[in-house]
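*Asks:* So TrEMBL has the following annotated:
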type	residues	note
DOMAIN	518-651	domain 'GGDEF'
TRANSMEM	5-26	transmembrane segment
TRANSMEM	32-50	transmembrane segment
TRANSMEM	57-76	transmembrane segment
TRANSMEM	102-121	transmembrane segment
TRANSMEM	133-157	transmembrane segment
TRANSMEM	192-209	transmembrane segment
TRANSMEM	439-458	transmembrane segment
Amino acid sequence: MTRRLVLMSLSLIAFGIALLGLWPSAGNEANALLLMMLTLQAAGQAAWHWRNTSLSQLFLSASLILNILLICTFLLPESWVGVDHWGDLLINLPGDWHIANIRPPILILFACFGLTTCALLRMRLGFGSAIQLTQVTLLLLFAMMSDASLSVASMVLAGPERITLTSFVSLLLIAQWIDLQPAFMQMWRRNLIPLIISSSITLVCLLAWQQQSQDENNRINQSTYVLGDKIATELSREINDQLNAMRRFAGFWSLMGQTPTRGEWQRLARSYYKDFDYFQNIAFIDPDSVVSRVFPDKGRNHDVLGVRLLDAQPDTPLRNPLELGIEGHTGIIDLIQGGKGMVSYLPVRDPRDGTILGAIAMVVDLAPLLDRAMDTARNEAFAVTLSERGNIYIHVGPESRLAPWGHRIPIELPATDLTLGLQPTQQFLAATRGRLPEVTLLTGMLLAYLLFLVIYMYRRVSQEHGIVKNANDALREEMVRRERLQNEIQWLARHDELTQLPNRRYFLEQVQSFSGKMPLTVMILDIDFFKTINDKLGHLEGDRYLQKIAAVSRAPVESAGGILARFGGEEFVVCIPECPRAVGRTLAEELRRAVQAAGLPQPATDSVVTVSVGMACVARAPLRLDALLQAADEALYRAKSSGRNQVQVAA
C-alpha cells in the first residue's frame, strides 16, 4: 500500500505541475490542448498505480489520441496535410492558436507517447516496457541538453515551459521505473542484452536526429539568408540605378547651361518618374536653396514650391552641391511630404564657366521601394525591416508568430548604415522544414523496440527450451539410472553376490530351458573340508576361497556351453546341454584338476584344497530335474565316502 501511495503521489504532483505551468491565460490560450493531453496522461497513470484499470485505460487512451494528433503535425508531409490546413482547423478558436504554439518539442511528445503506451500495456516486460522506459529516459536527457533552436516551429523548450515539461515527464518516468523495478530485477538477465542493443540503436537514432535537425536548420537559415541578401542587393541596385539616372538627368541640365523652363522640366521629369515609381518627387533647387520646380506638382509636393530649404534644414547635405559642387545625401530622414525616405542632391553647373546653376533633388520613399524589392519574397512568410543603428524605420510583413532568429544584412547606400532585417514566420518554418529528422527518429525507435522484442522472445524461448532440455536430460538420466538399478536388482535376484555366479533359482530356470537339448549332464561340486577352512582361517578367507574356486571353474564350463552356479554353502552345480556321459566325465575331471591346481592351502590335510564331484546324465526326454539332481547328489556322496578329491558318476 505504501508503494502504491508513493507512485500515486508522483503522478498527482506531475498533474499539479502541468496545471500550474500550462494553465491557459491571455496570450497563451493554445496551451489548453497540451494541458489536456498531459493532465489526462497523469490522471491515467495515477489510476493505473491505484489499480483502477478501466479508468486508467480511458484517460490514457484519450491522452494517446491527442499525442498522436500532435505527432502527426510533425510527420505528415506538407503535400498531404499542409500547415495551412492545420491553421484552418485552429483559426476559429479563441486566442492565438497556431501550429507552432500548440505542440511541444518532438522529443517531449515522443517521451509522453512512450510513457502512455507503456502504462496502456500494463508495464509488462514481455511487451517491452524496459526498452520503452529506457527510450523515454534518453529522450528526456536529449530534450534537456539539446539546443532550443532544434525545436523549430514548436514551443521553445526554455524558461518556465522547459521546467514544466521536463519535470512532468521526469516524475511520471520515475514512477514507472519504480513500479517496474521488482519485475525487472527478477528478469534482468533476460532483459540486459536486448536492452543494451536496443538502447544503443536508440542513442544512435537520437544523435542522427540531432545532426539532421541541425542540418535542416542550417539549410533553412542559409536559404533565408540568401533571400535577405537578394532583397538587400535589389534595394542597393534600385537606388544606385535611380541615382545614376538622376546623374544623367542633372548632367543634361548642365549641358543646357540654363535653368529649366516649366514645360521642359515637366516633360523630362515625367519620363524618369515613370521609371522609378518609388520616387516621392524630383525637384530643381536654385542656388539660393529655393525649390523652383517639382514633379509631380500636386498634393503635398506642391506645398514645397518656393520653400527655402536651408532655412528649414540648415544642416542639410544640400550645401554640398550648392556651395561645393559635389553630391549630397541625407541618409534616412523624415520627409516633408510624410514618411521615411532619403534625399540625394546633385549639382547642376554651367558648362562654360562652371557656375553652379542649382541642384537636382531626388526624394525616395522607402516604403514603396521596399515593397518593390519584396516582390521576390512572400510577404506572409517573412517580416522585413529597414533599420539604422537600432532604429526601425519600416516594417513590412507579419509582426507576430515570428521565428526566434533572423538575419541582419547591411545595404550599400550612400551616407547611411541602413540594415535589412529578415525574420521568417513560424508558419513558414513549419511548412519548409523537412520531415526527415522526425521520421528517422520515429523509425529508429520503432526498430529498436521491435528488435528488443525479438531478442527478448528469442532469449525467453531459448531459456525455456534449455529448461525443457535439462528436464528431458534429467528424466533420461533418471530412466537410465532406474533401468540400471532394475537390471542390478534382477541380476542380484539371479546371481550370488559373493562369487558373481548364477544362484540356485536362475540355475533351475536355465536347466528347464535346456530340456530339449539332450543328452543333459548335471554335476555337483563340493569343497572338501570347507568347514575346517572357515574354522581355522576365518570366514573372510573362506569367502576368498569360494571366489577363487568359482573363477577357475567358470571358464571350462562356459566354454562347453554350460552354466556354473552356486548351489549353496560350499557346493557348486553345473549343467551342460548336449553333453554325453563320457564328455561330461572328462569335463568333471578337468574341473577337479583345475581346483587342485589353484593351490589354495588346506589346513585340514596340510595340502591344497580339492573338490569332490558327483555327476548324473540323462540321455533322452522327459527331463525330471529333481531325480537328476538327486542322482548327482548321491554320486557326490559316494565320492565323499570314497576318499574325496574324485569324480563319481550316477548309474
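Placement of Cβ uses the backbone N, Cα and C atoms for every residue, glycine included.
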*Asks:* Between the transmembrane segment (102-121) and the transmembrane segment (32-50), are there three or more CB pairs that fall under 8 A, provided the residues in each pair are separated by 6 or more in sequence?
*Replies:* yes
*Asks:* Within the domain 'GGDEF' (518-651) only, compute the mean pLDDT.
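*Replies:* The answer is 90, the mean pLDDT of the model over that range.
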*Asks:* Sort out for me which stretch, of 5-26, 102-121, 439-458, has the most Cβ pairs below 8 angstroms to the transmembrane segment (57-76).
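*Replies:* The stretch I would name here is 102-121.
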*Asks:* Please indicate, using numbers and ranges, the residues of the same chain that are 6 or more beyond the transmembrane segment (192-209) and have a C-beta under 8 Å from a C-beta there.
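*Replies:* For the transmembrane segment (192-209), the nonlocal Cβ contacts are 130-131, 134-135, 138-139, 142, 437-438, 440-441, 443-445, 447-449, 451-452, 455-456, 459.
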*Asks:* Across the domain 'GGDEF' (518-651), what are the DSSP residue counts per state (helix, strand, coil)?
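*Replies:* Taking the domain 'GGDEF' (518-651) as a whole: 63 helix, 36 strand, 35 coil.
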